[in-house]
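Here is the structure we will look at.
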Amino acid sequence: MNILRQLLRRLIPMFSIVVIATFLLSLLMRLLPGDPAAIMIPNGSIDQQIEIAKETGLDRGLFGYYWKWFSDVFTGDFGKYYLNGGYRDLGGVIADTLPVTLMLIIYAQIVALTIAIPLGLASAYKEGKRFDRITSTVMFTTVSFPSFALALIFSLIFAVNLGWVDPIGYVSPSENLGEHLKLMILPVMSLAFGLASGYTRLLRTDVIATLKDDYVTMAASKGISNRRVLWRHVFRPSSTTLLTSAALNMGGLIGGTIVIETIFVIPGIGYEIFYSIGARQVVAMQTLIALISIGYVFFNTMVDLLTQITDPRTRERRA
Amino acid sequence: MTERQTTRSRVMRRVGAAIAATIAVSTVASTGSNAASTSAAKAGGEIKVGIFDTFPGFCNNNNPANSSLMATRAIFEGLVEKTRGNDFVGLLAQSWAPSADFKTWDITLRQGVTYHNGQVFNADSVVSNMNVNSGRRAAQGIGVGTNITFGANIANFAKVSDYVVRFSLHRAQNDFLGTLYASGRLFMRADAQLATGGATGTCSTTAIGTGPFKVQSWNSNELVAVKNENYWRKDPKNPSAKLPYLDKITFTNVKEGSQRAAAVRRGTLDAGMFTSFSEGTFIKDLRQRKSVVTEFKSPNEYYPSLWLNQGKTGSPLANKNARLAVISCIDRANFVKVRAKGESVVAKSLVGPSSVMYTTRGFSKFSPKAARDYVAAYKAETGATSLTLSIPADSSSASQANAKFLINQWAKCGITVNMVVEETAVIIAKAFNPTVPFAQQQAYDILPLLLFEGTDVAFNLPFVATNMFPAGSTNPVAGAFRGVLGGLLNLNKHLDANVDAAFFAGQAAATKAAAKAKYQEGTAYLQTNGFMTSIQHGYYTLFTTKKLGGIGTLKLPEGKTQRLITNYGIDWTGVYKK
């Protein structure tokens, strides 16, 4: 009940943040130079451009346009890609592409956490020793590589030189799970390596602090094994920052997939955002980018709730 | 590329033997695949092709670019095609008969052709398509775009019989087939596709052509085309076989050139298309891997220009000396070396040697001293204290680096050029703005844009003529479009009737020699008066794995061989998987 109350209490600010974020996005879109309708269909007639402006609310002021867009999205009309003589429904595009991107992000998070948690714990436990120094150096180096650079390096090494995987392409898991996983290796690794570096460093810092807590000393003095102390008594309270960071990265990762999906030709939302930017599909761009901000707010709220489950101290503080 | 090849190509460039190189490349490529095709052609199989453009839709005004046009041409066909000898031959047209004054053209259509939905291709269908292409269905919101300009000389067209259409022209035009060819993009579409237009229509989203492949699915980045089981063409070398040979082609936009190259090397893609203008590094890399890939390279027949805007209010470029200063201060050889990695050729004319417009007369060479003299003359004539201009660049690093390279050169000649960074779509929208008066339609002083191409005039003319709709045009759409679209493509925004006079006279000439002389006169006039210039001429190329055969070997219906590869790639009809 308490959690439900917490959830409801967070829904209002969450909704407000989404409104403010998407409104600011509308403002930015409207500040772009040129007539958006003319830019969307540069070869269209004036009548067609007027028709599109009317349909999208671009013929109204900023607030009128925003209200039209917001109420449409709220009722499930996500907008369209406008062509010179027709359109493609964006709702269908999102339905096709969003699951692909979410899958990519979830894979990347799983891989990143799988690498980061044992490394972070071990580094903290062996603080200042050779293992810690080597891990910190490697992680610091890796985090300084942008994901697109890693993508191209991985592609050159694993796809071109070693020939282990294909450099581009996507197969859905329902079609061929093995091929799906194989094709996702490079994009997932490109996204996960940077994440893992950051997560390892965060966890290491928190674990080092937790290890100095009295209850940890107490647990150790009771004769509980080091492994058990680390996993049971240290990791759980130390994972708050890691969890928050992972959740915040979910929204950010949708943005990160723009480049990765374009490089590896994965038909996800990032690839669509890249296209909509290039084609100056203003309305589609706004909807797709709004998805990132909604995702960001959603996952941030979720992590707040999860934190209260994993760390009762935060629950008590907020009560 | 091997050292020997590099030396050979350098020598060829030095002696200016671009034609020789073109013929050599074409011959090698076609001979190689010819030998394999007759014995090994077999039906079936699916392939993947990597391209570098997105799919904007399928209506006549969607104007797919280069590599996505290649995919579109697998779905649609036009009335005429072009051969390797640069002749026009019939595709959906069987034959034609111009009147003696080249003002009337009777086009006889091929019989036995159907669209993908079963509709018979005939004169009614051509009339229906021309109504859309000429803007006559603008009221229904279909087909209105800059493409209308290309057919502005058509006064009327009408069905003569079930398979004959008569085109009546305003001006005499001996190269009217070039207008019908429209650089490979004037397609015939089924009535069902042309049924509705506007913002909610079907013309852009539904693709129903007569081509060898049908659309199975498509989005902005991918087109899946499957075999048209009722395709009309036959392979003369294999008459019992049903064309096309392939069952399915997936054209995918692989934006990143290095990934496209990697995918071809590994065999993830069966073919990948590249452009010399920005992908020289990947082209060179693939070219070294002869055991893995085969290259099909176009001639250097793509001519990016710097369009100098004379029309903008207060534009310094209205002054001839200012224009000549700008175009005399471009170190083309260095630009090609640094920016194109030597993969394009240094321009010696606005067009290449294979073009009927080609002449080096009046083409300004690199001379900083001459440029500085022109700047001084400009200042003396106008009283201006400086020569300050603008050039747009898109957000890509390549585009901005190109602009910076030129800006640095111009600075050395006393010319200040400011870079305006905007998205490509914005640049295009501002360069071709039909909502403002003629003089304001182009917003930039110097506009780098690839528009000129090929060997003939018909496709290039709308970019230099003052207005493609003749004065007093009786074309029913001229009233609506003459003032808006007639001069929209004239990026120099000039009103110099001498340009029209030269090129239109060429189109009206009785002989090819006389036409060529007039076209060259027109080019020389543009060059001498500094309307525009060109820095480099480039090519497009397709790399395939060794699994593909039959590229460029299928004869056209009348027996000649189609151009091997152009900016819109190859013809996939006769291609098979070995």
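Yeah, the Cβs are placed from backbone N, Cα and C, and that goes for glycine too.
Unlike curated entries, TrEMBL annotations are predicted automatically.
Marked as domain 'ABC transmembrane type-1' by TrEMBL: A:98-300.
Look at TrEMBL and you will find A:12-32 (among others) tagged as transmembrane segment.
Under the heading transmembrane segment, TrEMBL lists A:104-125 (among others).
Feature annotation from TrEMBL assigns transmembrane segment to A:137-164 (among others).
According to TrEMBL, the feature transmembrane segment maps to A:184-202 (among others). Cβ atoms under 8 Å from those of the transmembrane segment (A:184-202) belong to residues 103-105, 107-109, 111-113, 115-117, 119-120, 123, 135-136, 139-140, 142-143, 145-148, 150-151, 154-155, 158-159, 165, 167, 241-242, 245-246, 249, 253, 256-257, 260-261, 263-264, 266 of the same chain, restricted to positions at least 6 beyond its ends.
What TrEMBL records for A:246-271 (among others) is transmembrane segment. With a cut-off of 8 Å between Cβ atoms, the residues of this chain six or more beyond the transmembrane segment (A:246-271) that come close are 94, 96-98, 100-101, 104-105, 108-109, 112-113, 147-148, 151-152, 155, 167-170, 183, 186-187, 190-191, 195, 199, 288, 291-293, 295-300, 302-303, 306.
Positions annotated as transmembrane segment by TrEMBL: A:283-307 (among others).
Same-chain residues lying 6 or more positions outside the transmembrane segment (A:104-125) and placing a CB less than 8 Å from one of its CB atoms are 131-132, 135-136, 139, 184, 187-189, 191-193, 195-197, 199-208, 211, 226, 230-231, 234-235, 242, 246, 249-250, 253-254, 257, 260-261, 266, 268.
Same-chain neighbours of the transmembrane segment (A:283-307): 3, 6-7, 10, 14, 17-18, 21-22, 25-26, 29, 36, 40, 56, 58, 69, 73, 78-82, 90, 93-94, 98, 240, 243-244, 246-248, 250-252, 254-255, 269, 272-273, 276-277, 314, counting only residues six or more beyond its ends whose CB sits under 8 Å from a CB of the stretch.
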